[in-house]
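Peer 1: Pulled the feature table from TrEMBL, pasting it below:
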type	residues	note
TRANSMEM	A:21-41	transmembrane segment
TRANSMEM	A:47-67	transmembrane segment
TRANSMEM	A:99-120	transmembrane segment
TRANSMEM	A:127-145	transmembrane segment
TRANSMEM	A:178-198	transmembrane segment
TRANSMEM	A:229-253	transmembrane segment
TRANSMEM	A:259-289	transmembrane segment
TRANSMEM	A:301-321	transmembrane segment
Amino acid sequence: MSTVQDSVTQPAAVAAPSKKSMTVGTTATLVLLALLVLTPLFVKNFIIFQMTMVLIYAIAILALNILTGGSGQFSLGQSAFYAVGAYTAGIMMEHMGVNYALTLPAAGIICFIFGFLFGFPALRLSGVYLALATFALAVAMPQLLKLGAFEHWTGGVQGLVITKPDAPFGLKMSQDMWLYYFTLFVSAVIYILAINLLRSRSGRALMAIRDNPIAASAMGVDLPMYKTLAFGISAAFTGIAGALGAIVVQFVAPDSFTIQLAIAIFLGMVVGGVGWLPGSLVGSAFIVFVPNVAEHISKGLSGAVFGVLLFVVIFLVPHGARQVAYMIEALFRKKSKS
Amino acid sequence: MELFTNQVLAGIATGAIYACMALAIVMIYQAIDHLNFAQGEMAMFSTFIAWQLMQWGLGFWPAFVLTLAISFAGGIVIERALFKPLTNAPILAQVAGFIALFAILNSVAGLTWDFTIKQFPSPFGSSGFLGSQLISTHQAGMIGVTLVLLILLFVFFRYTRIGLAMRAAASLPESARLVGINTSWMIALGWGMASAIGAIAGMLIAPVVFLEPNMMGGILLYGFAAAVLGGLTSPLGAVIGGFLVGVFENLVGTYIPGVGNELKLPIALALIIVVLVIKPSGLLGRAIVQRV
């Protein structure tokens, strides 16, 4: 029965923190937000593009965090939901001429339905079986996308090329920079939604399920309902990330959504700390920048570097960035006391 | 009718490979209650070792035996070095460990032997088996090797002291420890055996799918499907599951229009989900009853 609850021994960061840590946390948040808003003004377009990707993966990791950290189910198949979101955006923009901003809610809704439906069979599975079913989903997804029957819409193996949107209202801003701020806005909205969700009644129900499903159902929590709902919400956010990813990369193809992507998202969650939402950003920066550095040393090395670092994390700081954050916070507290 | 027989026999032959993978998965699942997501990559790595040995001039069978020994040792080393320290870690950390191993093996194989497709020789040849057109000697060989393997495992677990000790360690670790069984080493032994069984599967399938770092992706999924269908706790079930999945996959691919080769992986996915939903313990597995 041991699901992730063992890994979430420390009180979740979303549960009311002490007053002191609030100030440390708030300061950190404000500094980070200022950095996120100001940095693009001083760097090159390519770095802006990478920062955009960090934000996008952060949304995907956040989505997995809601599922795993919130309800204790875990998924190795997030790349499948990401793919559905990306294709929704691609097809709507290229075949239907829909505005890019409108594809995000559409991707969210479609992925919600998709995730909710997948959540039904997943209901009867726990722990390792769920990992297996979602793993299978991730492996099978590129094949499904290559299907001849949908080729007219999906472009088959070749995929779809998407036109990059310009900045609106005649703003004098490069496309990359505009998309960065657009993504930043969307991620901020999703982050706030996620925090409020986990603090709400439903969020508490999810955590009750994670910590003790039997006690939760005895208390009247509708287990199947909340578990599938968690899957749906997680899939919806992942789908929005996928749609944003498609718009920013300007390209969707089946082979961009392999098991490697699912592994990267999972890895980002572990590195950031399960159930700790701010960790999503740390994990995401990790999965975007580490492969770059590794590829720089030798082509094809990134997988090995990922793997080794993942072992380092689970051996040394099993709670990921969250553990580091707690250590730093404890340090601050000690200083202010003495 | 000939098409049907043909497809069934071909299905049984590929099913033999799925059966081997499923056996390897079940071995580790029995030992530590976890699915080894890196099983396919371990098998792929072993196959590359065999290929390398043959490049160095060894014949097939010496290379085969040497690879089994190396894989067995490698499996034990992986368990001792990486997974033993994680024994009491949360399930998430363990899954992360398997994923990490997956990424490392895949990447290192790509770096060492690059991603080009390589030929892998078949020890049995590819002519018709006993002059018939229905099945090739390689396919017959795959079936034969799997059956021999199954019998060996059966004898090992049923009639040897160490096999008995392994079963005891898997089903009741605490009591096994009380009667003096070193359960920790039994787990390592399970890893070694699973690694060697995976190597056999890899070396048998490599002549069919060709050798490259990503060759086991789909096969692992079928291995999972077979293991789930047969029941994750039953080695015999895994083998039966493997053959069933092989035949099922071939028949669906042949007779249901529009499926063809494209939909083969999604079939495995569907199969896994359907079995897990209808009968999670599989055909021969023990149902897990939890006391609350």
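Each residue, glycine too, has its Cβ placed from N, Cα and C.
Unlike curated records, TrEMBL annotations are generated automatically.
Note that the coordinates shown come from a computational prediction; the quantities given were computed from them, not determined experimentally.
A description of the local structural setting of each listed feature is requested, covering burial, neighbours and distances.
Peer 2: Here the transmembrane segment (A:47-67) has Cβ contacts under 8 Å with residues 36, 39-40, 73-75, 78, 81-82, 174, 176-177, 179-180, 183-184, 186-187, 190-191, 194, 197-198, 230-231, 233-238, 240-242, 244-245, 248, 264-266, 268-269, 272, 274-277, 279-281, 283-285, 287-289, 292 of the same chain, all six or more residues outside its ends.
Non-local neighbours of the transmembrane segment (A:99-120) in the same chain are 77, 81, 84-86, 88-89, 92-93, 137, 165, 182, 186, 227-240, 242-244, 247; each lies 6+ residues outside the stretch with a CB under 8 Å from one of its CB atoms.
For the transmembrane segment (A:229-253), same-chain residues at least 6 beyond its ends with a Cβ under 8 Å from one of its own Cβ atoms are 49, 52-53, 56-57, 59-60, 62-64, 66-67, 70-71, 73, 75, 78, 81-90, 93, 100, 103-104, 106-116, 118-119, 122, 155, 157-165, 179, 183, 186, 190, 194, 197, 202, 206, 265.
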Peer 1: When each of A:127-145, A:259-289, A:301-321 is checked against the transmembrane segment (A:178-198) for Cβ pairs under 8 Å, which one has the most?
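Peer 2: Checked against A:127-145, A:259-289, A:301-321; highest Cβ contact count belongs to A:259-289.
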Peer 1: Would you mind listing the long-range same-chain contacts of the transmembrane segment (A:259-289), meaning Cβ under 8 Å and 6+ residues beyond its ends?
Peer 2: 4, 7-8, 12-14, 29, 32, 50, 53-62, 64-65, 68-70, 74, 76-80, 82, 134-135, 138-139, 191, 194-195, 198, 238, 303, 306, 309-310, 313-314, 319-323, 325
